[in-house]
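Enquirer: Got these off TrEMBL a minute ago, pasting:
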type: TRANSMEM; residues: 22-42; note: transmembrane segment
type: DOMAIN; residues: 33-274; note: domain 'G-protein coupled receptors family 1 profile'
type: TRANSMEM; residues: 49-68; note: transmembrane segment
type: TRANSMEM; residues: 102-128; note: transmembrane segment
type: TRANSMEM; residues: 140-162; note: transmembrane segment
type: TRANSMEM; residues: 168-192; note: transmembrane segment
type: TRANSMEM; residues: 213-235; note: transmembrane segment
type: TRANSMEM; residues: 255-276; note: transmembrane segment
Amino acid sequence: ENISDFSLNITDCTQVVVPEEVFFTVAAAGILENLLVLIAVIRNKNLHLPMYFFICSLAISDMLGSLYKTLENIFIILCKMGYLTRRGDFEKKLDDAMDSMFILSLLGSIFSLLAIAADRYITIFYALRYHNIMTLRRALVILAIIWTFCAGSSIAIALFSYEAATVIPFTILFPLMMFFILCLYVHMFLLARSHAKKIASLPTSTVHQRTNMKGAFTLTIFLGVFLCCWAPFVLHILLARFCPHNPYCACYMSIFHVNGTLIMCNAIIDPMIFAFRSPELRSTFKKMFCCAR
């Protein structure tokens with residue numbers, strides 16, 4: 001808030017504020033949609049597969065992102081209305097808790113996307129040994145390791161967020177992991193294209209290959225949406241830390257509320273991709289709504 005107030009004094013860019021009605025509507029929609037995905041996977045035993053468990057992990061990360069922005073906005077409104085007073089180190093503890101939730105959501109999304117990409121890679125190139133390589137128990141162990149690491153990292157980064165030595169590795173991790181996932185996808189598509197030519201004479205293998213490549217294309221959409229929605233906010237963190245008084249940086253930071261809304265838009269778009277591109281999930285959603293009626 002202090003940075004925003006100071007920025008208005010050194011730049012002609014006016015702060016862009018998202019209406020509270022729009023903000024909370026987008027947040028509620030993102031939370032409910034991802035909750036539906038979790039319920040659908042839990043209820044349908046046919047979806048109790050490593051791939052869908054990794055998708056559930058991504059859904060939880062999206063829910064945390066929407067929940068983080070919602071709680072943060074509620075606390076800001078309560079402070080402005082005078083219902084919540086800033087006493088002692090309460091504000092700092094609350095801010096650390098919010099930062100921890102944000103970092104947990106970001107890291108959870110990154111590593112969930114990485115797990116999904118690795119799972120799809122194994123599905124395409126080690127199809128005959130997939131069920132031996134990626135067992136359900138092994139997938140659960142991977143998810144436990146991911147969330148334990150993300151929880152520990154989020155707490156540590158939130159507590160030492162004022163140190164440049166902490167902020168720099170965190171901000172470097174984002175483009176590094178995205179670059180690694182992108183390289184994995186490029187490698188996947190190139191090898192799949194070469195592999196498809198070799199097995200063109202096998203109709204069953206060709207169908208299986210097309211199905212797997214459809215899944216890889218879906219995950220590419222996930223990655224593109226994730227970058228578009230999260231990258232502006234991560235850039236905001238970098239600018240706020242390293243050049244808060246620069247007029248150009250301050251001008252970019254004036255769209256802070258828009259960048260925060262983009263995070264919640266990611267939580268809305270991901271479940272739509274699940275629903276539109278997964279026949280099994282579409283069928284499960286239809287059964288859920290029919291039973292509810």
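Cβ coordinates come from backbone N, Cα and C, glycine included.
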Enquirer: With an 8 Å cut-off on Cβ pairs and a sequence gap of 6 or more, do the transmembrane segment (168-192) and the transmembrane segment (49-68) reach 3 or more such pairs?
Expert: no
Enquirer: Using a Cβ cut-off under 8 Å, which residues of the same chain at least 6 positions beyond either end of the transmembrane segment (140-162) come close to it?
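Expert: Residues packing against the transmembrane segment (140-162) from afar: 53-54, 57, 96-97, 99-101, 103-104, 107-108, 111-112, 115, 170.
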